[in-house]
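Below is one structure; the comments refer to it alone.
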Amino acid sequence: MNLVRTAMLLAFMTALFMFVGFLIGGRAGMMIAFVIAAGMNFFSYWNSDRMVLSAYRAQQVDERNAPEFFAIVRDLARNAGLPMPKVYLYDSPQPNAFATGRNPENAAVAASTGLLQALSPEEVAGVMAHELAHIQNRDTLTMTITATLAGAISMLGNFAFFFGGNRENNNNPLGFVGVLVAMIVAPLAAMLVQMAISRTREYSADRRGAEICGNPLWLASALGKIARGAAHVPNEDAERNPATAHMFIINPLSGERMDNLFSTHPNTENRIAALQDMAQGGMNVSTPPVRAANPSRKSRSVPDTGLGRGGSQPPKGPWS
């Protein structure tokens, strides 16, 4: 089913790219757009995960420089029956996390330094279990390709004026009106695609993540903290790359952005309520619960990776 969904997504994005090309340059523009879209589809399948990780300057960590964080992900992956993903940290005060990769064998999970500072180990386990659920459900390919192509489509729409704004351009069948339509429709359509693939996907990952970590309340508590943090702490890299917003566990964009009129995520309170109902109703756990390291302690520092505060001071707390 995921292969069909991904194929439909690629077909829609390609058609949208061709439509914008037609509005800008007529048939010639449409054919050029088709060639570009085909190349981007191929490139994004193999490289979009690296592009996303690079956009957030994420650094890979292991048991040497982030032993307890790495151990939590390792134990959760074992519970889920997944291959061990690559583990990354990116430097941002906003608590958040995402997963990427074209399949479970080539997957990665990334957490912000702010996440490790703000959440308890149990809550971190809930968050990473949610991200592993995306990997297990094979959502990451769809998420990552959408981020890459949506960003490209939005950029093409934003620069449509420069490519096709010449009123005397005979290749443009609709003239300046066509350019204006491309500038408005392309980013909006890309945004709607992100919305369409995010809603049910997040609920499904919440439920499976709760099963993987063994306690829905860990994830419920984490979602509340992350949502409050995202509302007050900006993520500058996400603001520069809004097409990646749907990849995060909570929308990283500030409330001041117009993009939030078309939220890429379901309401956080509804997600928390669903997890609480799951806990109260007696969760059918299919895997043994993970035991979070130092469960009574809150994170006060980040691993010694050179990110955040961990590079200059000896690390303290559960992530050292």
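Keep in mind that glycine also has a Cβ here, set from the backbone N, Cα and C atoms.
Note that the structure is a prediction, hence the values are computed from the model and not measured.
Here Swiss-Prot has His130, His134 binding Zn(2+), and the candidate from Glu202, Glu236, Glu239 in that same listed site is Glu202. All protein chains considered, the CB of Glu202 (Zn(2+) binding site) has 24 other CB atoms within 10 Å. Counting only residues at least six positions away in the same chain, the Cβ atoms of Ala97, Phe98, Ala99, Val109, Ala205, Gly209, Ile249 sit under 8 Å from the Cβ of Glu131 (active site).
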